[in-house]
Amino acid sequence: MRVPAQPISTPAKPSWQDQAAAKVAETASKIPAQWRLTPDDIQRAKEQKDLTGPFIQSFLSEDEIAITSLGSSRLVAKVAEGALTSLEVAKAYCKTTAVAHQINNCLHEIFFDEALKRAADLDHYFSEHGKPLGPLHGLPVSLKDQFHVKGVDTTMGFIGWINTYEGSKDPAKVHKVESQVVSELLLLGAVIYCKTSLPQTLMCGETINNLIGQTLNPINQGLSCGGSSGGEGALQALRGSSVGLGTDIGGSVRIPAAFCGLYSLKPTHNRLSYRNVANTNPGQLNYASSIGVMATSVDALKLVSSAILSTKPWLRDPNVAPLPWRSDIEQSVLARADKNGKAITRSGKPLKLGFLFNDGFMTPHPPVTRGLQILREALVKAGHTTVDWQPPSHKAAADIHLKFLQSDGAHWIHEQLDLSGEPLIYPLRDIFKLRLPMTAIETEDLSIRGRDACEVYSDYWNSMSSGDDQEVDAFIMPVAPHAAVVPGRYLYTGYTEVVNLLDYTASVIPITTADKAIDVADPSFVPLNDLDAKNWKGYDPELYDGAPVGLQIVGRKYEEEKVWAIAKILDLILKR
């Protein structure tokens with residue numbers, strides 16, 4: 001009797017939860033045994049409010065602490081003069097990053113072995129040639145997990161992107177593509193060693209995904225590190241990085257910088273190359289994302305930005321504006337102040353800066369308002385000019401921007417989710433629920449509204465020069481209506497989204513920290529609307545105590561050099 005053939009069974013596809021767990025375990029396995037913390041260490045970390053400073057330093061040597069405390073510019077200088085080797089620097093940063101991830105959950109990718117080999121090669125080059133390879137020789141640079149690095153995943157927080165090229169299994173591309181800006185960093189002598197966490201879809205002011213969960217603020221674990229370049233913010237706050245690259249389409253390098261006490265520079269969108277960088281809704285080009293720099297010092301923003309531009313990225317990416325770093329513009333602004341930031345009126349005009357305390361839709365919490373007052377008073381004392389900034393509606397501009405991000409009806413996002421079956425993260429389930437895409441006519445109408453909003457804003461800016469014939473150099477405003485926020489309470493991104501719609505340049509600098517003894521809620525507060533009332537109700541001086549407060553300096557399109565110079569002056573004034 002003939003036995004019927006049995007059907008061939010195919011192995012069941014692992015659940016998205018199992019895929020995520022396997023990926024997390026794979027990443028953890030790349031931490032050298034001698035850098036792994038004990039379960040007791042990790043439990044102690046969970047019990048801390050603040051992981052920065054003394055706590056993370058308890059796992060490091062004095063030499064490692066000294067190296068990671070230097071800041072980018074001093075570090076590059078010490079390597080260039082032979083006082084430190086690239087390998088010494090790389091080891092210190094890799095170990096600090098290994099510890100940071102174990103206590104803070106801030107990484108997606110680790111490639112320490114490759115980084116240490118790269119550092120050794122740089123030392124060999126320095127020994128043979130007697131000079132650095134480039135202006136970033138030996139500088140460790142961390143990357144948000146949008147940038148492609150050969151040999152490692154770019155998941156961008158999507159489970160379905162594990163071991164693929166942006167969801168594709170094309171063997172010609174998987175782990176073989178390198179972002180142009182990564183190639184430029186390597187050409188300049190940088191050491192790439194890790195990729196940091198971000199929220200699923202990128203479209204969130206906090207950092208949460210189904211791959212690793214949530215990244216919290218290491219300065220206060222009861223608060224968010226921001227997003228979408230949140231892992232960058234957390235890692236830098238822990239000094240596992242002194243400088244890194246993020247991206248910004250709605251505030252994504254500014255928010256984590258403000259929440260984690262850091263500096264950032266968001267250029268106009270095509271100042272740095274986005275070629276071969278993964279992105280959400282890659283076909284939405286009306287209002288494109290910018291590559292930005294985040295750092296522990298203001299000087300590092302210029303160091304990395306100017307170095308990348310020195311490679312002439314526009315020759316390899318036709319979408320990049322052909323503008324090198326214009327030192328003459330930078331110097332002309334710096335010349336308007338002395339070494340302490342005080343205005344030099346005999347050789348030029350003082351800075352003239354607008355101040356926006358409230359955008360008319362959501363009232364900032366007391367720590368943010370106090371931060372604005374601190375900066376304005378310091379500027380006036382230093383001899384600079386400030387004016388009230390009351391521009392066209394930021395809420396209306398932010399609404400236009402958001403509609404562009406939703407223009408495909410969230411179909412691209414849901415296609416990525418369907419690769420693994422994972423759900424959309426909870427903060428985005430309403431904003432990016434599946435719906436009909438906009439029609440061509442609707443898109444054109446929205447484009448006209450966006451154009452008109454930009455023109456009206458520009459007209460307002462120009463009108464502010466009447467009276468003294470001096471143009472407003474930039475304006476200062478909150479990054480968010482709160483300091484580093486309690487998770488789940490980020491209700492409004494209008495303070496950052498308006499800058500993306502306008503495609504303006506913006507830099508964030510740290511100003512102060514929330515103080516429960518000073519930042520008391522005004523009992524006579526009258527909300528502007530229901531959402532404003534909800535945001536105000538969420539303010540708790542005890543919860544927010546110690547949270548960083550950063551503000552953004554906003555300039556016009558392609559004013560990176562000017563905005564950076566203003567940030568430098570303001571930083572000098574605050575540190576006097």
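Note that Cβ sites are derived from N, Cα and C of the backbone, with glycine treated the same way.
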According to TrEMBL, Ser228, Ile249, Gly250, Gly251, Ser252 bind substrate; which of Leu188, Leu202, Leu285 is also listed for that site?
Leu202
So what pLDDT does the domain 'Amidase' (88-563) average out to?
97
How far is it from Gly251 (substrate binding site) to Lys144 (active site, charge relay system), counting Cα to Cα, in Å?
14
Compare the C-alpha of Leu202 (substrate binding site) with the C-alpha of each of the active-site residues Lys144, Ser228, Ser252, and give the closest one.
Ser228
Pop the Cα-Cα gap between Lys144 (active site, charge relay system) and Ile249 (substrate binding site) into the table, whole Å please.
14
What other residues of this chain sit with their CB within 8 A of the center of the CB atoms of Leu202, Ser228, Ile249, Gly250, Gly251, Ser252, the recorded substrate site?
Met203, Cys204, Gly205, Gly227, Ser229, Thr247, Asp248, Ile255, Ser289, Thr496
Taking the Cβ of Ile249 (substrate binding site) as the centre, count every other Cβ atom within 10 Å, in any protein chain shown.
25
In sequence order, what residues of the same chain, 6+ apart, have a Cβ less than 8 Å from the Cβ of Ser252 (active site, acyl-ester intermediate)?
Leu202, Gly227, Ser228, Ser229, Gly246, Ser289, Gly292
